[in-house]
Amino acid sequence: MMRIITAMVTPFNLKEEIDFPAVEQMISFQKKNGINEFWILGTTGEFNMLNEEEKVSLVRKTLEKTKSEDLHVGVSSDSVSNAIRLAKKFIDLGVGSIFSLPPIYHRTELKGLITYFDSLRKTGDRVTLYYNPLATGFNIPLVYIEKLLEEGLIDAIKVSTNNFQEFQNFINLRERTKFTLLSGNDSMILEAFLGTDGVVSSVSNFAPELFVEISKKASEGLSTDILNVTNKIKKLSEVTSMKDYPTGVKIAMKYRGLYVGNCRSPLQEDPNAQSVIYFTLKELEL
């Protein structure tokens with residue numbers, strides 16, 4: 001069956017401190033609904049809003065409730081030394097899989113990318129390249145990524161794009177090069193089931209049952225049923241990604257009985273989004 005990985009939000013209390021009881025509640029909700037693999041300290045997890053101490057505390061708490069092999073942890077940084085320091089702290093806690101965006105603010109060319117991911121590789125962890133041009137503002141040339149794969153510096157790639165041709169390029173690359181390909185955009189859910197190894201989803205934070213259902217139907221070859229479920233997921237992705245992401249995801253979680261607080265300032269919830277999300281969930285009987 002297709003791997004389903006939830007890109008976890010980071011819950012906050014009214015003081016904007018990490019809400020650790022909510023972390024436990026979130027993980028229990030996921031496991032109860034059939035998802036056991038988690039992606040934390042990514043875009044949906046507001047990784048850039050957390051300091052290093054908070055990141056370590058969040059990983060420690062998450063590891064109390066899940067297996068280390070089911071946890072993928074972000075170490076994204078513009079600095080090799082910062083990324084390595086964080087990765088080593090996570091490894092000491094028992095993490096076995098890390099992921100990272102390329103350096104964002106101070107962009108680098110191929111030589112710098114090789115240096116960055118070679119340093120992560122030397123930590124001994126499984127390394128995933130987090131490819132997200134929507135967030136970084138630039139595309140990594142495919143030839144650069146092929147070089148990282150050839151050098152054995154990355155084991156997997158998570159692709160977050162809404163560009164079909166770009167997504168197809170990675171599927172084609174996977175057919176000629178051995179690596180794990182994960183889709184990171186819920187709007188591409190149908191395409192993901194046609195050529196990737198798994199899905200890293202934000203929508204599964206509040207609708208995990210849809211992903212378990214579609215994974216089961218895909219293994220049974222029920223094409224019409226798959227289309228119906230993917231349309232639901234795409235609709236949920238659209239209404240929860242409108243403004244100040246991931247505020248919409250947290251709104252949807254609240255309506256499903258998971259209070260995870262607001263996003264950290266300056267991110268703000270859109271009052272219009274609240275009603276749209278509420279009625280969409282009701283329409284889809286969630």
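Note: Cβ is positioned from N, Cα and C throughout, glycine not excepted.
Predicted automatically and left uncurated, TrEMBL annotations should be read as such.
Per TrEMBL, the feature active site, proton donor/acceptor maps to Y130. Look at TrEMBL and you will find K158 tagged as active site, schiff-base intermediate with substrate. Annotation comment: TrEMBL describes T44, V200 as pyruvate binding site.
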Rounded to a whole number, how many Å is the Cα of V200 (pyruvate binding site) away from the Cα of K158 (active site, schiff-base intermediate with substrate)?
8
Under a three-state reduction of DSSP output, how is the residue listed as 'active site, schiff-base intermediate with substrate' classified: helix, strand, or coil?
strand
To see if you understand the setup: which same-chain residues, six or more apart in sequence, place their Cβ under 8 Å from that of T44 (pyruvate binding site)?
A7, M8, V9, S202, N205, Y245, P246, V249
Residues satisfying Cβ distance under 8 Å from K158 (active site, schiff-base intermediate with substrate), sequence separation of at least 6:
W39, F99, T128, L129, Y130, Y131, N132, L182, S183, G184, V200
Please report the DSSP secondary structure of Y130 (active site, proton donor/acceptor), reduced to three states.
strand
Report, as a single number, how many Cβ atoms besides its own are within 10 Å of the Cβ of V200 (pyruvate binding site).
29
